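Trainee: Found this in TrEMBL, in case it helps:
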- D65: active site, proton acceptor (ACT_SITE)
- H61, H63, H141, D211: Zn(2+) 1 binding site (BINDING)
- D65, H66, D211, H269: Zn(2+) 2 binding site (BINDING)
Amino acid sequence: MFGVTILGNNSAIPTLDRYPTAQIVTCNDQLLLIDCGEGTQLQIAKYRIKRGKLRYIFISHLHGDHYFGLIGLLNTLNLMGRVDPLSIYAPPELEQIIQIQMECSGTALRYEINFVPLMPGYTGVILEDKDLSVSCFPTQHRISCFGFSVELRKKKRKLIPDQAKAYEVPAAYYGKLQEGADYLRKDGLLVKNDWVTIPPEKGKRYVYCADTIYDVNLLPYLQDADVIYHETTYLHELEGRAAERFHSTSVQAASLAAAAHAKRLLIGHFSSMYTELDPFLEQTRPIFPNTDIAEEGVTFLV
Ligand SMILES: [Zn+2]
């Protein structure tokens, strides 16, 4: 299972029906949290996310609507008896922020935090774990900010059953073939793996663009992605305001998704001034039809 569950889709100020940015990415048995706006732990409880399975947290930047929920969540995990280590990937200043809040409240966490600082402008792979790979890339915002690309690789090679039978490989050995092994027959013939299997299918990719001004330099990271999340803080009428504040509009997000030949676009980080979100779809879908509102509580499969 590879999917993204939206916990918050609002920007800046939480509203009564929309929380600030937070998303859970499920990669088989591993849970990743991307951004952690205020109230994230309540959304985790509401949508029955298994907190104990959370292994990695990624914070795109240090505007409050992307991390003010973190201390509360870390504290709750401690109170609930967590002992498994937790990795946090974030701008370096966050380490001090966490430390000072823990110190001032006299809290000693029972679990270890493995803090990985993301230095301004860094681009590249930051995590490899089993079939999961995460890389980050800088976005253009008012302060240092990162997008994240999460890839779930298919590890197993694909068996060609007719070939495997023709070479008399026993069915019990098919699992090993899918892992890349050759097979030595009793008559001494070495059945080479690539005679009976083909390479694994391409992995799937989810790209989270964080907060950003409209920026065509993001295209290489978005190219052919299965699902893209791009912020649309404003409708296109407020293009000028979006640029001033280093945010994007509906039309800009849809144009990038189309140019990148992405398969699907999720939009969010809506300004609190909007009570109705349908106009966002009315502006994006003519440019990129497979667009959806990143609706809270909904899991989108990648
Ligand atoms: Zn921001």
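Placed from the backbone N, Cα and C atoms, the Cβ positions cover glycine too.
Please treat TrEMBL annotations as automatic predictions, because they have not gone through curation.
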Trainee: Would you mind listing, in sequence order, the residues at least six apart from H63 (Zn(2+) 1 binding site) in the same chain with a Cβ closer than 8 Å to its Cβ?
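Mentor: Within the chain, H63 (Zn(2+) 1 binding site) has Cβ neighbours under 8 Å at R142, I143, D211.
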Trainee: Taking H61, H66, H141, H269 as the binding-site residues to compare, which has the smallest set of other Cβ atoms within 10 Å?
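Mentor: Counting other Cβ atoms within 10 Å of each of the binding-site residues H61, H66, H141, H269, the minimum falls on H141.
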Trainee: Measuring Cα to Cα, how many Å separate H269 (Zn(2+) 2 binding site) from the residue listed as 'active site, proton acceptor'?
Mentor: 10
Trainee: Please identify, from the recorded positions D65, D211, the residue with the sparsest Cβ neighbourhood, meaning fewest other Cβ atoms within 10 angstroms.
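Mentor: Result for the recorded positions D65, D211: minimum number of other Cβ atoms within 10 Å at D65.
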Trainee: Whole-number answer please: how many Å between the C-alpha atoms of H141 (Zn(2+) 1 binding site) and H66 (Zn(2+) 2 binding site)?
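Mentor: Cα-Cα distance, H141 (Zn(2+) 1 binding site) to H66 (Zn(2+) 2 binding site): 13 Å.
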Trainee: If the Zn(2+) 2 site is taken as the center of the Cβ atoms of D65, H66, D211, H269, which further residues of that chain fall within 8 Å of it by their Cβ?
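Mentor: Not counting the recorded site residues, we get S11, A12, P20, T21, D35, G37, S60, H61, H63, A210, E231.
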Trainee: Output: those binding-site residues from H63, D211, H269 whose CB lies less than 6 Å from an atom of ligand 1, in sequence order; none if no residue fits.
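Mentor: Only H63, D211 meet the Cβ criterion.
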Trainee: What other residues of this chain sit with their CB within 8 A of the center of the CB atoms of H61, H63, H141, D211, the recorded Zn(2+) 1 site?
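Mentor: Here the nearby residues are S60, L62, H66, T139, R142, I143, C145, A210, T212, F246.
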